[in-house]
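According to TrEMBL:
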- 357-413: region 'Disordered' (REGION)
- 371-384: compositional bias 'Acidic residues' (COMPBIAS)
- 386-395: compositional bias 'Basic and acidic residues' (COMPBIAS)
- 396-413: compositional bias 'Acidic residues' (COMPBIAS)
- 417-495: domain 'Recombination activating protein 2 PHD' (DOMAIN)
- Cys422, Cys426, Cys449, His456, His459, Cys462, Cys482, His485: Zn(2+) binding site (BINDING)
- 496-520: region 'Disordered' (REGION)
- 505-514: compositional bias 'Basic residues' (COMPBIAS)
Amino acid sequence: MSLQPLTAVNCGSLLQPGCSLLQLDGDIFLFGQKGWPRRSCPTGVFGVRLKHGELKLRPISFSNDSCYLPPLRCPAVTRLEPHDGHPEGYLIHGGRTPNNEISSSLYLLTLDSRGCNRKVTLRCQERELVGEQPGPRYGHTLSMVQSLGKRACVVFGGRSYMPAGERSTENWNSVVDCPPQVFIIDLEFGCCSAHTLPELTDGQSFHLALARDDYVYFLGGHTLSSDSRPPRVFCLRVELLQGSPLLSCEHLDTGLSISSAIATRVGPSHEYIILGGYQSETQKRMECSSVVLDDSGISIEPREAPQWTGEISHSHTWFGGSLGGGSALIGVPSEGRPAPPEAHYFYQVCFQKEGEGEAEDGNQGCSQESTDFEDSAPLEDSEELYFGREPHELEDSSEGEGDTYNEEDEEDETQTGYWVKCCLGCQVDPNTWEPYYSTELLRPAMIYCSKGEGGHWVHAQCMELTEGLLVRLSQGNGKYFCLDHGGLPRQEMTPPRQVLSLKRSPMKPQHRKGPMMPKMTPAKKRFFRRLFE
């Protein structure tokens, strides 16, 4: 057991509470960054690399047949083991976007290809669901169960907005616990079914779900209605019978009073280490627990905790995820006056047993983060470059990594004016903006107004421009005025610059193609003919 501090190399702001860590083919990936993805990483998924006490991120690309995956915070994530020729992957359900919109979509994330230069390409596909589908939610869990040669997904818990009929101006953004229903999703056909069990009377969120065969154990969690974290464990059994599944639930007395915890698997067996989380709204849970799932059920034993540093002990919040192989990543916000340059302090906690080595394989427990969300600017960098690199730079090299994310390369969006009120009647809201023109990708189209001191930028949508007119204005060389300064009729064309054409005299060829024949008169020709005869 060890606690090692990590230095985030120009990527500390990307890891935020609510993000998820995934393990595919021995690599670790970060999903759910703060803000919307930018040009350098339009997928919003980064490869995580830990070496020599440094934490680095590499942008990951998606295949051409992938769908768009928004940066979801606190989704339900579960590992999908290889089955019947299908590759390993991850299922991602629900979550909360940076615009505080709650999703109800189900995504399948798999490894598409890996180039000879270690460049990873992922594939993301959205699965269509039918039947009694789970509504939009976050802070819930998604688990895989196997029974009678079949497998299915179990969705439970979470929070969502109040029903539309109960929302008003005062409580528009208020959230409530979802009803305590269990949803079973058949991945082969996409069929969903909802089940109500008498043992599950209260909704709960930010709990842990550990699965083994046809059993799922729900540990801890927070109930919003009573503002409590009761020390309970629910044992759910799912039998995938022909026709409809059969569910049974049992309430166990021994449990953990915890929420937003991290579960990391230790070894090939179903043994997990539970760390992090909260005992109450203002108190973190500093203890660790060992959880073992076997044929007899579940056993929970206290586990020796690492020697926490002062930053971890005195921080009010912390977050993280499983790195696989009995290790976890923990982040705490940096505090102090003046504010430190690093946004967070990061640590790697390792519970690896002696003699097992640093294996990176293992399942990830479903852990959620109960935190507040704040809007943020999207991310934007340059593209990855892999051509012309030496073999030693492709793997196990910490110097000269041109594809590593660098915060210093980001542009300062506070000076661009993209998310400001451009005029009195501006209709663009950064929290609810949707693409208006087909040419808009990441932010609203803007046009420069030449009126006023130094000019200013205005949204093309607020000027009521058609897309064709917007394209013509962007290709011209005129001065444009917004509606407050006269509008489009007051355009003044800038006279084009006169370019003098250069007269080029043809150059004399140095060598002629044919032999040179001197010009001779008929008399000279007769003279030379008689001379040689």
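Residue positions begin at 1 at the first shown residue.
Glycine residues also receive a Cβ, built from the backbone N, Cα and C atoms like all the rest.
No curator has checked TrEMBL annotations; they are predicted automatically.
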Cβ-based isolation winner (fewest other Cβ atoms within 10 Å) among the binding-site residues Cys422, Cys426, Cys449, Cys462: Cys426
Per-residue pLDDT averaged over the domain 'Recombination activating protein 2 PHD' (417-495), given as an integer: 68
Entry from the binding-site residues list His456, His459, His485 having the most other CB atoms no farther than 10 A: His459
Cβ atoms near Cys482 (Zn(2+) binding site) (within 10 Å, other residues, all chains): 23
